[in-house]
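Annotated features, as they stand in TrEMBL:
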- C:100-300: domain 'ABC transmembrane type-1' (DOMAIN)
- C:12-35: transmembrane segment (TRANSMEM)
- C:106-126: transmembrane segment (TRANSMEM)
- C:138-161: transmembrane segment (TRANSMEM)
- C:173-193: transmembrane segment (TRANSMEM)
- C:231-252: transmembrane segment (TRANSMEM)
- C:277-303: transmembrane segment (TRANSMEM)
């Protein structure tokens with residue numbers, strides 16, 4: 001089969017050669033993806049970047065003819081490894097899948113069949129395409145491939161199920177299942193999106209190894225920074241069209257299109273401190289006071305005082321089970337002062353959410369104390385806490401699920417406006433909506449009919465309604481597209497500058513903390529390993545874990561030196 | 001949702017992480033406030049509306065007496081005078097079918113009410129309170145549901161005797177675990193929902209949270225589930241009447257009518273066709289409507 | 001290889017079932033005592049011969065203390081002694097034993113038929129073209145909504161009276177089993193197919209199906225090897241309901257087709273208030289139900305490795 005592969009000028013085989021690709025669904029409807037050109041060579045990584053709904057996944061899936069039921073795929077040129085794929089029948093596609101193209105999707109927990117072992121999943125492509133015969137030969141290859149993607153003890157792992165593996169190992173197993181048939185092209189659709197940064201760095205390295213070994217890689221991501229470290233060329237999609245494309249260095253340093261410029265500007269980091277992430281154009285209803293940075297002079301009032309809190313989760317001994325206790329939080333102390341933004345960074349399982357729940361008084365610590373505005377807060381009865389409740393508010397990650405599905409936007413906000421007369425309540429609701437940049441005619445809508453960014457704004461308005469001294473923000477922008485994340489972060493900066501509300505801001509994204517926080521707390525395995533001003537901790541960290549975390553952070557600059565030579 | 005420039009200044013609506021799904025939702029997104037009902041749903045709703053009218057005022061729909069007939073006019077095939085024909089005793093089958101709606105609905109809804117009231121009480125109790133009570137109520141449900149519904153109802157009838165009220169009680173008891181379990185699961189879902197946590201952050205008391213957020217959301221779910229179950233309750237009730245455990249002849253109950261038709265089946269099909277069709281259509285209508293409400297309700301939560 | 005946690009879960013499930021079985025026996029005992037009226041009268045049913053009440057009181061030890069009576073009741077049932085029918089003047093065990101087989105035969109045939117029908121229809125129609133799905137789901141809705149006895153009557157009308165292919169009633173030979181089994185199987189099959197197809201379609205939307213497709217696996221293989229197992233999980237939880245429905249439906253079906261069996265015996269017993277017989281049949285059905293759902297739950301544990309996790 002290799003003989004008919006067309007070579008490009010450089011002599012490297014051209015795996016994918018697509019021109020004028022358009023994909024639509026409804027018989028007469030407008031195409032969702034239009035006029036896309038895509039070429040991938042062996043040993044090259046091409047990144048497809050765009051926000052939700054840009055059509056990047058659809059484009060990638062069309063290379064496998066898996067764009068979905070009823071998809072109409074048209075192209076002037078559609079060649080895969082030199083063959084005209086427009087003439088392919090379903091059997092041809094099926095042969096192609098697994099042997100020429102391999103697919104790696106986002107979350108291995110659901111992208112691997114949860115009822116089958118890792119070994120069965122990785123080996124399926126081998127038996128299905130009769131690449132190897134006999135169980136022993138297949139088992140041997142499975143173990144070899146699992147080893148190749150860096151899974152320790154592959155013999156044991158092959159007999160386990162996806163849910164028994166950690167997130168990183170699971171994702172490696174998914175990659176193994178995609179490359180077991182030795183495909184020339186790997187299509188990776190947001191392969192690291194649900195992973196912690198340190199694990200993300202490792203998984204990206206596994207993919208980079210395949211590229212160095214000669215495979216072509218089509219990497220789909222919403223995150224320019226992730227792509228910067230690995231891609232040779234970048235294609236930026238927006239609403240189904242290519243807005244920018246070129247070598248990674250070109251696109252990242254000299255974006256041709258304002259949209260790409262906007263995407264790059266929207267990435268939070270140290271460099272973005274004090275400036276807007278989103279466009280300050282007429283597009284955002286910018287009736288908010290101009291951004292002031294640094295924030296207004298703070299007094300030294302301690303809003304929140306956390307001393308030595310610890311939490312262990314115990315599982316009682318059951319039938320044939322030993323009792324098990326895990327330490328979620330171990331001897332954590334810190335303060336939050338008025339008007340200050342304190343960031344908490346840490347990976348999953350680091351105890352940051354447990355800490356948030358204790359601070360919010362939803363969970364009581366096993367030991368240690370929390371004081372709010374100088375008064376006892378932990379280990380008191382809920383009725384005693386109620387008086388101070390309005391002073392401490394909460395913005396969760398998933399805004400929608402935090403709204404009672406029966407309530408309209410106005411009712412959601414009004415519920416936090418206790419003790420006001422109806423007229424005053426309506427006026428205050430309108431004022432709050434304006435403050436978070438929402439038109440007041442949204443007040444009568446149900447949140448489920450709003451966009452993600454609008455919902456998060458409603459959530460912010462609801463928190464502000466109580467005029468709190470401190471807001472706990474638990475990953476408030478993690479589920480949002482980068483452009484909307486930028487707007488929400490800008491809004492938080494503005495409000496913080498205007499209202500002087502202190503924020504306890506939890507994020508797995510170091511960039512967000514670098515952009516926003518005054519001080520940072522680094523959590524690892526339930527312990528507070530390092531804390532201090534953001535400028536110190538996240539530039540010259542003292543703790544080895546913080547150093548690893550920092551080294552794993554994807555940064556735009558990463559990709560650049562690689563292309564210098 | 002609108003994928004292009006949003007009034008709030010967002011370039012793209014944030015959608016589900018899966019690009020493909022998100023796209024569909026964005027492009028096909030339904031404008032809020034405008035609703036269209038699938039034709040099947042409209043038909044089901046219309047049928048149930050007519051059924052309710054028939055049950056409320058059967059005499060508006062037929063002039064014949066369901067209980068008396070002219071034996072000489074017995075077993076006449078459907079004709080213009082007797083749309084559904086006559087039975088062995090010369091009674092008008094149409095009149096009997098029309099009058100039967102009241103019994104089926106009454107017993108079905110009555111039994112249902114017993115299941116709902118007991119199920120909601122036990123289910124909410126189990127869903128809210130500590131583990132021991134939950135565990136105990138779960139076992140009660142296990143025990144009740146270990147008796148097959150029809151047989152449990154037969155046991156109840158053995159103790160209480162035949163009759164309409166008694167089979168309503170019988171069916172009601174048999175339905176308690178089915179309901180209670182759903183209510184318990186729903187209560188736990190709502191109890192652990194983020195909006196309940198959020199209400200605690202506002203500083204609402206436990207009772208306030210329960211009244212404002214937990215109870216209404218549980219009740220909405222229950223009303224949807226109840227619609228689905230009315231159908232199956234009516235089905236069980238008609239089965240028990242067919243066995244002769246419910247209302248006794250000459251009551252024009254659909255199950256009773258079918259039991260009587262069994263004896264004349266060799267010569268006449270019409271006494272068997274119409275009441276059977278009435279039961280089936282009623283059950284289909286309730287299931288269709290209930291299924292639709294359930295889908296809409298789940299869509300609302302998603 | 002089953003892990004220790006799997007064994008402990010299975011053992012736990014068995015224990016729970018024992019508790020439920022014991023509780024249902026206790027519930028029956030309590031029902032007898034809570035009901036208004038003397039227990040002798042309740043047990044005697046519609047029979048009123050001189051000296052019978054005293055005989056019953058002696059047999060059930062009604063003069064002893066309640067705990068003693070309870071203990072005697074439980075140990076009798078554990079020993080397989082189901083008491084005496086005073087209406088039929090025969091040990092309940094003999095009555096039930098002689099009528100058990102026709103009912104088991106009917107329920108088993110219908111059960112197998114229903115499962116096979118449902119799996120075939122669901123596998124063939126799930127996720128396929130709109131038309132076949134619409135037709136199949138409409139058919140399932142109609143089947144699931146049709147009362148067993150009406151299906152039976154319609155079948156009788158068509159195949160026994162009009163076509164004369166099968167006997168009108170009776171319990172002899174396989175011909176007498178055909179129509180009752182179909183009548184009993186159809187509603188169950190309709191509901192089962194509905195659940196199964198919905199589960200298959202839900203599974204087909206899972207990301208891992210895309211991964212499997214991207215390995216070049218054929219569509220039918222995907223359904224058989226990957227999807228069906230997932231779709232069986234919600235169906236297995238329906239198993240208990242299915243058994244109960246078949247047992248209850250068997251009673252009605254027997255009446256429609258005039259078949260001998262436990263149903264006819266029970267129905268007769270209900271009408272003559274023959275409490276010992278009804279009680280025995282109901283308890284027996286509960287035991288069968290508990291045993292079957294226990295087996296299905298264990299099957300569930302075996303299918304889904306995620307439940308074996310600690």
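Each residue, glycine too, has its Cβ placed from N, Cα and C.
In TrEMBL, annotation is done automatically, which means it is predicted and not curated.
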**Prompt:** Who are the long-range neighbours of the transmembrane segment (C:231-252) in its own chain, taking Cβ under 8 Å and residues 6 or more past its ends?
**Reply:** 103, 106-107, 110-111, 114, 122, 126, 148-149, 152, 184, 187-188, 191-192, 195-196, 199-200, 202-203, 261-263, 266-267, 285, 288-289, 292-293, 296-297, 299-300, 303-304
**Message:** Looking only at the recorded stretches C:106-126, C:138-161, C:173-193, C:277-303, which one has the largest tally of CB-CB distances under 8 Å to the transmembrane segment (C:12-35)?
**Reply:** C:277-303
**Message:** Pairs of Cβ atoms less than 8 Å apart decide it: which stretch in C:138-161, C:173-193, C:277-303 has the most with the transmembrane segment (C:106-126)?
**Reply:** C:173-193
**Fill in**
Outside the transmembrane segment (C:138-161), at least 6 residues beyond either end, the same-chain residues with a Cβ under 8 Å of its Cβ set are 121, 167-168, 179-180, 182-184, 186-187, 189-191, 193-194, 197, 249, 252-253, 255-257
